[in-house]
Protein chains: 2
Amino acid sequence: MIVETTINETLRKNQLSVTDSRKKILELFLQTQGALAHSDVEKQTGTLFDRVTIYRTLQTFVEKGIIHTIPTADNSVKYALCIDECTEGHHHDNHVHFVCDECNTTFCLTHVQIPSVKLPGGFTGKQTDVIISGICSRCGNQ
Amino acid sequence: MIVETTINETLRKNQLSVTDSRKKILELFLQTQGALAHSDVEKQTGTLFDRVTIYRTLQTFVEKGIIHTIPTADNSVKYALCIDECTEGHHHDNHVHFVCDECNTTFCLTHVQIPSVKLPGGFTGKQTDVIISGICSRCGNQ
DNA sequence: TACAGCTTTGCAACTTTGTTGCAAAATAAA
DNA sequence: TTTATTTTGCAACAAAGTTGCAAAGCTGTA
């Protein structure tokens, strides 16, 4: 169980009103190891909140830098907490994400170094996202 | 202008019937430097084909390995030709894509080496996608 | 070239996903 | 407690994607 104080503090720090939906959705992310899609949040909160509220809450969290979006090869958008306090300047610039082919969980690998890529002439890179798919530690060790 | 023979051959090689929509959509990809979203194809072909036909054609092309999907940070799916004959085993395993923040074009950088990433213990990577955003050569040189 | 068999297309209807405006409810500050 | 501001839920809508099925189009063979 996550201490409610932590959740409230996080919201206050980000100048957000403390509301039921925000508390519950933030708690969900804190409890979840992997990333969540909008539909996941919707399923896990049942009929507690309106669909629109969930959209707006996720959007707000992204704007405040509490969560970030993850690129996926299919059309789904996924969100994940930035676990490290890399949040300093609210720049979630470089990320490595791991999607398990078996259980379909998305991991945000914060402790992995982003490799630098040589770009062709004239191209200037700002942000690099790496998505690796394969088998995660849980599914591999069975 | 792309030779029609090339298009027909590509379709035949992949055991696909040669139809107007397939010819036209494949031609579009051959003419386009960047990647295309479903909506781009729709706009560029006008009322020539039904929306459903475009969906199905893109899906077929992906299955046959003629094009591949590109992960994006927003929710849009993009498709691009695999230009190199890396198609040998129909395994489009590793890709570097570049999205220009300015003109929003997506480039499939086939000649860029994919860096290897050290994964945490227990994780086994199979496919790596790298998405770099920034300024492309066209927009930078102006 | 014509025909039979198979594949593809277009239509209609539907589901899912995401957005916007606005009044009511909840929260924050005084 | 009261007031000002923020957030929520509803309704209505727009966009994106899917499915079944009959009609039309392709392919191979004669």
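Note: Cβ is positioned from N, Cα and C throughout, glycine not excepted.
For A:H91, A:D93, the entry in TrEMBL reads Fe cation binding site.
Per TrEMBL, Zn(2+) binding site is recorded for A:C100, A:C103, A:C136, A:C139. Around A:C103 (Zn(2+) binding site), taking its Cβ as the centre, 12 other Cβ atoms fall within 10 Å, counting all chains.
Around A:C136 (Zn(2+) binding site), the C-beta neighbours below 8 angstroms that are at least 6 residues distant in the chain are A:F98, A:C100, A:E102, A:C103, A:T105, A:F107. Under the three-state DSSP scheme, A:C103 (Zn(2+) binding site) falls in the coil class.
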